[in-house]
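Pulled from TrEMBL, these are the features on record:
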{"type": "BINDING", "residues": "Cys14, Cys50, Cys84", "note": "[4Fe-4S] cluster 1 binding site"}
{"type": "BINDING", "residues": "Cys159, Cys163, Cys166", "note": "[4Fe-4S] cluster 2 binding site"}
{"type": "DOMAIN", "residues": "5-121", "note": "domain 'MTTase N-terminal'"}
{"type": "DOMAIN", "residues": "145-370", "note": "domain 'Radical SAM core'"}
{"type": "DOMAIN", "residues": "376-437", "note": "domain 'TRAM'"}
Amino acid sequence: MSAPKKLFIKTYGCQMNVYDSERMLEALGGKGYVETQSPDDADMILLNTCHIREKAAEKVYSELGRYKGLKAENPDLKIGVAGCVAQAEGEEIMRRQPMVDLVVGPQSYHRLPAMEDALAQGQKALDTDFPEEDKFEILKRRPKSGRGPTAFLTVQEGCDKFCSFCVVPYTRGAEVSRPADRIIREAQELVEAGVREITLLGQNVNAYNGHDRGLAGLIWELDQIDGLARIRFTTSHPNDMDDALIEAHGTCEKLMPYLHLPVQSGSDRILKAMNRKHTAEDYLRLIERIRAARPDLHLSGDFIVGFPGETDADFEDTLTITREAGYGTAFSFKYSPRPGTPAAEKTAKMVDPDVASERLQRLQDQINTQQRTLQDAMVGREVSVLFEKPGRLDGQMVGKSEYLHAVHVSGADVAPGDIRKVLIEQSAPNSLGGSLA
Ligand code: SAH
Ligand code: SF4
Ligand code: F3S
């Protein structure tokens, strides 16, 4: 047999891309590729890209520039671009960077093996279709070895919400849910391979409709799998939080008390311009209902500052909702106009970049303070930790609490996959430390 070929995959963007990268590696595994951690000895380099903000998209071109030397040294090296930039820009990528051999969109990567055949014959390959066939059926079964205790599992793809700032409905297409029985089969295989926690993924995961009782129905079926200890899901839209899903947060023990539920802005005027179809008050009432079901819920969110037309008063409303919702974690971004989205047309309403930067700094300072206060309040409490891997210090193990805090313990007899109670003793900026309870 010939020596395996080496594939270097670099992943940008959201968890869905992390999942897709795993599946692309598996698909090319059938063509004799194994993963390498360095581009220097690769036979193929694949960038799995993100188009959400301008900076994310531009990173791809600067990264490609860095591979010029490698390609000059090894003309057989194949360079591919996958993911959302591939979908959005297609052939334009090959025009801008002629050394790119392959462009494949997020809905067509099950065709990678055939595309690789074309590359081997010295051709270029481009596929940004939204095919009829179900890529997950063609990709087939997942390998059983080499897995850690946690895994992502895509259950829904695409988005029909068309928030006026967002490229996702264009790069990922319309909402499609995978049938529940196939997801359950994949989950069972993951558990047989040692996985104890599964995070269900979707661009709009709570719009999942592949089960007659929606995402909650799917969660209750997964709850039946012996050996699966924890279920999470991300990302949700406030308008798709149905009663059954709210109730599951209170009654399904395997469903972890963490919810990423972006609101984007606290100003009703801006929410309307964003086409979010809910008000700040709707959102706060929704949080109240979820907290009534699960009082210790750790809430996380996303915010955009400097959306076209955002005034100081609108921004103050964002600071207010951030306080009122009581986020344990929140991510905030400066608005980035994206080609083809309605908000990008509003050039006359663009917020001065310095003003936007200053608002972002203020919001991030406030979020950091809130986060730190909630995290410090964990000291003295017991959490349940799923251990994942050794930490940086000798004898240290790290894992995640039910609230998704990184937790480390030292000198304890625990292995990856163990779930143990830990008494929290220290709070550092991005992690907690403690000892077995
Ligand atoms: N489907 C998810 C989010 C996908 S994108 C949801 O609906 O919540 C992740 C985050 O990127 C968004 O929540 C938003 O806060 C941010 N984002 C999306 N488009 C953006 C843009 N044009 N400029 C800045 N941030 C953006
Ligand atoms: Fe983008 Fe809005 Fe869809 Fe989220 S819900 S992916 S922000 S369009
Ligand atoms: Fe980025 Fe595409 Fe995910 S644009 S955030 S990689 S869906």
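Quick reminder: no glycine exception, Cβ is built from N, Cα and C everywhere.
Structural mapping of features recorded in TrEMBL.
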residue : record                          : DSSP class
Cys14   : [4Fe-4S] cluster 1 binding site : coil
Cys50   : [4Fe-4S] cluster 1 binding site : coil
Cys84   : [4Fe-4S] cluster 1 binding site : helix
Cys159  : [4Fe-4S] cluster 2 binding site : coil
Cys166  : [4Fe-4S] cluster 2 binding site : coil
For Cys163 ([4Fe-4S] cluster 2 binding site), nearby residues of its own chain (Cβ under 8 Å, 6 or more apart in sequence): Gln264, Met274, Asn275, Arg276
Beyond the site residues Cys14, Cys50, Cys84: chain residues whose C-beta lies within 8 Å of the centroid, for [4Fe-4S] cluster 1: Tyr12, Gly13, Met16, Asn17, Thr49, His51, Ile52, Ala56, Gly83, Val168, Thr171
Where the C-beta lies under 6 angstroms from ligand 1, the matching binding-site residues among Cys50, Cys84, Cys163, Cys166: Cys166
Among Cys84, Cys159, Cys163, the binding-site residues whose C-beta sits under 6 Å from ligand 2: Cys159, Cys163
Tally of DSSP helical, extended and coil residues in the domain 'TRAM' (376-437): 1 helix, 36 strand, 25 coil
Contacting binding-site residues, sequence order - Cys50, Cys159, Cys166 vs ligand 3, Cβ under 6 Å: Cys50
Chain-internal residues near Cys50 ([4Fe-4S] cluster 1 binding site), provided their CB is under 8 angstroms and they sit 6+ positions away: Tyr12, Gly13, Cys14, Asn17, Ala56, Ala57, Gly83, Cys84, Val85
Least Cβ-crowded entry, counting other Cβ within 10 Å, from the binding-site residues listed as Cys14, Cys84: Cys14
